[in-house]
Amino acid sequence: MAQVLRGTVTDFPGFDERADAETLRKAMKGLGTDEESILTLLTSRSNAQRQEISAAFKTLFGRDLLDDLKSELTGKFEKLIVALMKPSRLYDAYELKHALKGAGTDEKVLTEIIASRTPEELRAIKEVYEEEYGSSLEDDVVGDTSGYYQRMLVVLLQANRDPDAGIDEAQVEQDAQALFQAGELKWGTDEEKFITIFGTRSVSHLRKVFDKYMTISGFQIEETIDRETSGNLEQLLLAVVKSIRSIPAYLAETLYYAMKGAGTDDHTLIRVMVSRSEIDLLNIRKEFRKNFATSLYSMIKGDTSGDYKKALLLLCGGED
């Protein structure tokens, strides 16, 4: 049964981009900045509406809204507001570009985005990436990664996952057996087998394969991945399995570990909260509450501070 996706941010009723542009200008003009007005306004408008405000701001004041926001705000709060202002169709592509740019590769970002986006979303990301950066996402990924990790990313980026159709029980059995043979029953691991099955079979088929695998082997597929692989490949295969089981649950877990323990991974916190605010953040909140002994709202509240915290809590949209 398909889950109905629900975001926390929707179009603001009675939206007036000129009035909003004036409110923002007033909040930034003269001495000091009225951060409260900025964050309240921007978190309650959809991304499409924020783009309209930006255009109205340019028309009314001859100024670039994003530049003004950047010069008035600082730190994590600035990063969050800048992320909210990015056109949503560009946001994932932008994050991937930055993960690949310069010295070192941010595998965490590559893994999270590429594993948790649907084939349709991945196709759109590839298109936007090429338009924006003049190079192919796939080529850039190949140039910056290696081994089976690279291979799995490329297979996912092909976005050729089978569409969900009727379940073929014989094929389910065959794939589950093949995974068992490729891992637990083999000296060493046949990574290619995992990559092909995880990267090309339909979501509903794979859910059945994971159940069947448990029956055949006595292990959850995650335990096998943990034992049979390591490093970036292990992280990616686990992210794919978790996303196949439930994207909101995978992203809830991603948020949880971004905040758990000492220090906060603010980059991840901002990326997930912003990129999912209009897609499935309500679903993520529900999974968070179900799987961890607290709510997303309380965890953000305890883990962040100041205007940054206020803005994140407004995006979160409530306690569960």
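We count from 1, first residue shown onward.
Backbone N, Cα and C define each Cβ position, glycine as well.
What Swiss-Prot annotates here:
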MOD_RES   A2  N-acetylalanine
REPEAT    15-86  repeat 'Annexin 1'
CROSSLNK  K29  SUMO1 cross-link
MOD_RES   S37  phosphoserine
MOD_RES   K70  N6-acetyllysine
MOD_RES   K76  N6-acetyllysine
MOD_RES   K79  N6-acetyllysine
MOD_RES   K97  N6-acetyllysine
MOD_RES   K101  N6-acetyllysine
REPEAT    170-242  repeat 'Annexin 3'
REPEAT    246-317  repeat 'Annexin 4'
MOD_RES   K290  N6-succinyllysine
List of residues, in chain order, with Cβ under 8 A from that of K70 (N6-acetyllysine) and at least 6 apart: E78, V82
Alpha-carbon spacing, K76 (N6-acetyllysine) to the residue listed as 'phosphoserine', which is rounded to whole Å: 17
Residue among the recorded positions K29, K76 whose Cβ has the most other Cβ atoms within 10 Å: K76
Fewest other Cβ within 10 angstroms of its own Cβ, chosen from the modified residues K79, K290: K290
DSSP-derived class (H/G/I helix, E/B strand, else coil) of the residue listed as 'phosphoserine': helix
Cβ-based isolation winner (fewest other Cβ atoms within 10 Å) among the modified residues K97, K101: K101
Integer Å distance between the CA atoms belonging to the residue listed as 'N6-succinyllysine' and the residue listed as 'SUMO1 cross-link': 45
The repeat 'Annexin 4' (246-317) [mean pLDDT, rounded to integer]: 97
Nearest-integer angstrom distance between the alpha carbons (Cα) of K97 (N6-acetyllysine) and K79 (N6-acetyllysine): 16
Rounded inter-Cα distance in Å - the residue listed as 'N6-succinyllysine', K79 (N6-acetyllysine): 29
Nearest-integer angstrom distance between the alpha carbons (Cα) of K79 (N6-acetyllysine) and K101 (N6-acetyllysine): 18
